[in-house]
Amino acid sequence: MARYAAGAVDCPGSPKSVRIVVVGDKGTGKSSLIVAAATDSFPPNVPPVLPDYKLPIEFFPDGIPVTIVDTSSRPEDRDIVAEELKRADAVVLTYACDRPETLERLSEYWLPELRRLEVKIPIIVAGCKLDFRDDNNQVSLEQVMSPIMQQFREIETCIECSALKQLQAQEVFYYAQKTVLHPTGPLFDQDSQALKPRCVRALKRIFILCDHDRDGALSEAELNDFQVKCFHAPLQPSEIEGVKRVVQEKLPEGVNERGLTVTGFLFLHALFIEKGRLETTWTVLRKFGYNNDIRLAEELLPSAIFKRAPDQSFELTNAAIDFLKGMYMLFDDDQDNNLRPQEIEDLFSTAPESPWKEAPYEDAAEKTALGGLSFDAFLSMWSLMTLLEPARSVENLIYIGFPGDPSTAIRVTRRRRLDRKKQQCERKVFQCFVFGPNNAGKSALLNCFLGRSYTDNQESTTDERYAVNMVDESGAKKTLIMREIPEDGVQGLFSSKESLAACDIAVFVYDSSDESSWKRATQLLVEVANYGEATGYEVPCLMVSAKDDLDSSPISIQESTRMTQDMGIEPPVSISSKLGDFNNLFRKILTAAQHPHLSIPETEAGKSRKHYNRLINRSLMAVSIGAAAVVVGLAAYRVYATRKSSSA
């Protein structure tokens, strides 16, 4: 199980090339080191800065193209060096063994400078000119570098070399390349001396994929299948027994009567890494499609399936929904239609992290009394992620075990523009933009949509927020996504021509007891309607008269009714979040969204534009009819003339 397969670098996620940038003080031997490593000889004369040097593919056993970039030490070239560092995969930082001040400059200038530039890549420290070091100053490399490496954890390794004596010059770049192909950082925490969480999650997923009979242990046959997949050679029975014995001696629960448990599997990889055999763990990860970030490589998520027009969206397919239903039942241990937070964490334990722990997903769905998710809420969360981040949704479906082709997990909907023309919609997921002035009741509306109790101390939000839930409509459940747009976020929304393309319906909430709130909501309605007319992404709209439990402004009632009639949309829907009276609002929103040709407001500018277009069309029609009459007249005249000529 510890054999290394060089072919692993050909797997998805493997770096396809390595770019190494060499930096350090003037006169520390940067250029000489590069030439000595590349040509196996010492150069008597080298230019101040070498051109980029490409090593042959066969130079190192991994067969990865390596480019070495020399840099200038002149202060005026710092910007150029900084740009090269930002493009690098690894850094070789040099000092001269015969000049102690260049060693001091590593921690005084170079390493802090790399941090300032946010160069988050492996660093190899190379002590050059080893042959020039004073024989009376034979301090060990470990003694010199240990304090620096404790302070700067980004240093992967240190090595002393001599270009003149051809001593370890090539090894400097071999180690640099190795830190790119098999970095320690993503796998192992040096402080805690333990595997990092993301590495544990990836290895757990690999274990589950290899545990074909799902009995929680890798049998001898399953271990051999794993070995052949990763290392192209089976294990001998004695080797399998040796692996089990090593694990059992250190971790008894790592082996049971059925084979190697997941705990034992993780222990083995921690052991490989502690012994410096990172290539073993990286080979396994690469074979299962992981990149250096311990995420699935982009090649495994074909970008073609995520192409769409701005007014199209993505939804889960029936195959994905059936799979998610099965996963929900599997992790809902007591089958009480309540997936508890820990059960959700267990579900995503084979993903790099739980995708729902941060905005916009955190608190976006209705919770049960125990803080969990019902199946409807669980599926709603997946629908929200599929609409907002389809690639992330598919990626997480793969992490939790979706068995089919990723392209069968989601489907692209018909264009909304075409829905309006056909006057019908086949969508199952609808997005509603919620506009309104501050303190109008938008946040309270979203909270109540999620079944949460009303509170008088509801704080206004300055950030966009999502709420998602299922709504029953004519005996069928549809998913409604409410997107709250803060008042000061409206202009930012309009910075993109396609900002309304993803909107199925817009609602405008105002405080019915505050005349200024109604006026501002009306302004927002006109702004959105104007923008929709100008960009071609017109959307159905509804006005929502909130806080109906308070005394309504008489002017607001009269004017809002007149205004909605003038614009050709439904009268405002009165609601009270405090009293829990929503007047079937969410069903009305869904109904309007499913009839995209109705409830579209017309502004005065829009009416004028349509009137103008009708006049133009009539004029063109008149011209066409007149032209047709002329053509018919000419044809009749020619027939008449021909007959007259014949009779003569």
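A Cβ is built for glycine as well, from the same backbone N, Cα and C atoms used for every other residue.
Here's what Swiss-Prot has on this protein:
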| type | residues | note |
| --- | --- | --- |
| BINDING | ASP211, ASP213, ASP215, GLU222 | Ca(2+) 1 binding site |
| DOMAIN | 15-182 | domain 'Miro 1' |
| DOMAIN | 198-233 | domain 'EF-hand 1' |
| DOMAIN | 319-354 | domain 'EF-hand 2' |
| DOMAIN | 427-595 | domain 'Miro 2' |
| MOD_RES | SER14 | phosphoserine |
| TOPO_DOM | 641-648 | topological domain 'Mitochondrial intermembrane' |
| TRANSMEM | 620-640 | transmembrane segment |
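This view paints the features noted in Swiss-Prot onto the structure.
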residue: SER14; record: phosphoserine; Cβ within 10 Å: 22
residue: ASP211; record: Ca(2+) 1 binding site; Cβ within 10 Å: 21
residue: ASP213; record: Ca(2+) 1 binding site; Cβ within 10 Å: 11
residue: ASP215; record: Ca(2+) 1 binding site; Cβ within 10 Å: 12
residue: GLU222; record: Ca(2+) 1 binding site; Cβ within 10 Å: 19
SER14 (phosphoserine) in three-state DSSP notation: coil
Inter-residue Cα distance where the pair is the residue listed as 'phosphoserine' and ASP215 (Ca(2+) 1 binding site), in Å: 31
Cα separation, the residue listed as 'phosphoserine' to GLU222 (Ca(2+) 1 binding site) (Å, whole number): 25
Secondary structure of ASP211 (Ca(2+) 1 binding site) (DSSP, helix/strand/coil): coil
The residue listed as 'phosphoserine' to ASP213 (Ca(2+) 1 binding site) - Cα separation in whole Å: 30
Overall pLDDT for the domain 'Miro 1' (15-182), taken as the rounded mean: 92
ASP211, ASP213, ASP215, GLU222 excluded, remaining Cβ within 8 Å of their centroid (Ca(2+) 1): CYS210, HIS212, ARG214, GLY216, ALA217, LEU218, SER219, ARG258, GLY259
DSSP three-state assignment (helix, strand or coil) for GLU222 (Ca(2+) 1 binding site): helix
Summary of DSSP states over the domain 'EF-hand 1' (198-233), given as helix, strand and coil counts: 25 helix, 2 strand, 9 coil
